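Everything below concerns the one structure shown next.
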Amino acid sequence: MAASTENETLSPLLDILNGSNTTDKEVFVASTEGMLLSYSFLLVSALLCVYFGSYRSITHQDKQKKSGEKPEVLTAKDAAIFPFIASGFLFGIYVVILLVSKEYITFVLNIYFFVIGIVALFRAIHPIVDRIRLPLLEKLRERQFHLKLSENNTTNNDIMHIDFKFNFLDIIALFFCVLIGVWYLLKRHWISNNIFGIAFSLNAIEILHFNKVFNGCVLLGGLFIYDIFWVFGTNVMITVAKSFDAPIKLIFPQDLLESGIFAANKFAMLGLGDIVVPGAFIALLLRYDMTRKSKSPLYFNVSFVAYVIALLITVLILQIFKHGQPALLYIVPLCVGFPLLTALLCRDWTAMFAYEDHPTLNEEVEKKKE
């Protein structure tokens, strides 16, 4: 999980997410304007994903509670072993790269991200489209469809496999997402890459619930060590990062002003893991804020400011050392330390660590694992 320039590599995010780029023999020196433009885009995009993803997580949680849906919760044990699982998966990919042709791996990944990218983008824009109230769109919404697929059962009631309701506007939105997917699949343009990357980030922050602050601290701490080890300790992550071209990072050309929107290819980039992992923790703090008496987003604001500072430090260190940085090295201490220090000063430490997104469900999961 790292920030990088064109001649540096990104580290992976979560278990499989990692950045990639194409290295050139000639060293590219970006102009001041090009660097400011590219890093401004990356920082603003990351902040918007975290901000809106956090508030969408509240809506998602409310829907789960109303529908009675049982979400998957992350226990402390899950958080503790995740970095080891991610390390094993990363090394497995490294071995596959050494044994299998890069072209075959790239082909499989392109098809995979084409499919899940369309789904993620549709899910990301659907709430936005739903809020737009225009006469033309209302007419499109009136055209309703109902798709059912059931299995006849002679002993009991029919088994329903698919029961999906949608309208004509949903079809148009899906068609738009497919067009973006085809554009990415054929051209792999940096704009289509970023559209998918932002969609992945929004969905992940919305859905990924750490359930407890302690769980989030354990996971972030583990990934903090994981990131540093695989970035500085071995060449495994660099090899993996160089081998894939997928929408698992946000990129912006530093030579956009010189080369134009289609020819630019000297990218600054930020791995999605540096957005999703801290973003999910910040979203957790926002959900905790909503349970406090004041309803003030104190911890969300504190952690959000910490995230801004951490990203700025990452960019600064990147420019000083001219080498890709494990961004979690700076993000984790600030995004965890700032809210914990605030809780200590506000004498809210006990209440913060007692908070759970899904308390009853968490108890059931723990009992099953025992």
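Glycine residues also receive a Cβ, built from the backbone N, Cα and C atoms like all the rest.
Sequence annotations record features per position, and here TrEMBL assigns transmembrane segment to 36-58, 79-98, 104-125, 166-185, 191-210, 217-241, 261-286, 298-321, 327-346.
Counting C-beta pairs under 8 angstroms (sequence separation of 6 or more), the transmembrane segment (36-58) fails to reach the transmembrane segment (166-185), with fewer than 3 such pairs.
It is 79-98 that, among the stretches 79-98, 191-210, 261-286, forms the most Cβ pairs under 8 Å with the transmembrane segment (217-241). Counting Cβ pairs closer than 8 Å to the transmembrane segment (327-346), the top stretch among 79-98, 104-125, 191-210, 261-286 is 261-286.
Among the recorded stretches 79-98, 104-125, 191-210, the one sharing the largest number of Cβ pairs closer than 8 Å with the transmembrane segment (261-286) is 191-210.
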